[in-house]
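Asks: The following block contains the structure, expressed as structure tokens.
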């Protein structure tokens, strides 16, 4: 995720991301530009057609297209923001578990305290890699080979990490280091891990409906290739630059929506999951540090 100053206009206008978008859209922009140039050449120079032209038709289409793009962008941003709220909840739940474990476990239960200090952050790392369809566990503190093998062999690693945490809590209760009432208190945050994973999976596995996405792209394309008709009679070959500029802005909005609708990846506008997971690890280590 890009860290930036929203008040710095010049840095935002000339930011490298703008050049990245232009590079990504260059084939489409080139096609639209060449098509418009060819159309202008045929109409103006070859056939020498003359028509007063009107932008009323494309003005109406532009309003309709704008409404679709606003809805598209808002839908994508809602998914991005919901993902951010879920990871904020994961941070809070991790801190709450660490605080309660620190309060419930006696200071002499060093082995149990160390276990939770190292395992609680693993939930965040496991969720992060799971949402990115990754099998890496290098960031996880697996404590010993038995736990490492159980995590590696599991098909759903966040569930396995949560199960290991539950197993340890139950072990502590059976040994008398925590009470049944304290177990009940810890259950809320531990259950919250599963709820967060499920909600993130829902966002990831439910893309924008195909028909909606397809229609917007077709609408954008048809709008762009018919736009020269509204301008070429008045602006001549300047129509090429006008159409390319309009196409760039409209398609950029769609491109941004596509990027942020799945907020758990590694694109520059996706959520900073690596930083959040590391923050959880630092916070938990500080709370449970003896």
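Start at 1 and count along the chain as shown; that gives each residue its number.
Any Cβ shown, glycine's included, is placed from N, Cα and C.
Feature table excerpt (TrEMBL):
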- 20-44: transmembrane segment (TRANSMEM)
- 50-71: transmembrane segment (TRANSMEM)
- 212-231: transmembrane segment (TRANSMEM)
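Each of the listed features needs to be described in terms of its position in the shown structure.
Replies: Same-chain neighbours of the transmembrane segment (20-44): 224-225, 227-228, 232, 236-237, 239-240, 243-244, 247-248, 251-252, 255, 268, counting only residues six or more beyond its ends whose CB sits under 8 Å from a CB of the stretch.
Sequence-remote contacts of a segment are chain residues at least 6 beyond its ends whose Cβ falls under 8 Å from one of its Cβ atoms, and for the transmembrane segment (212-231) they are 32, 35-36, 39-40, 53-55, 57-58, 61-62, 65, 68-69, 72, 238-239, 242-243, 246-247, 250-251, 254.
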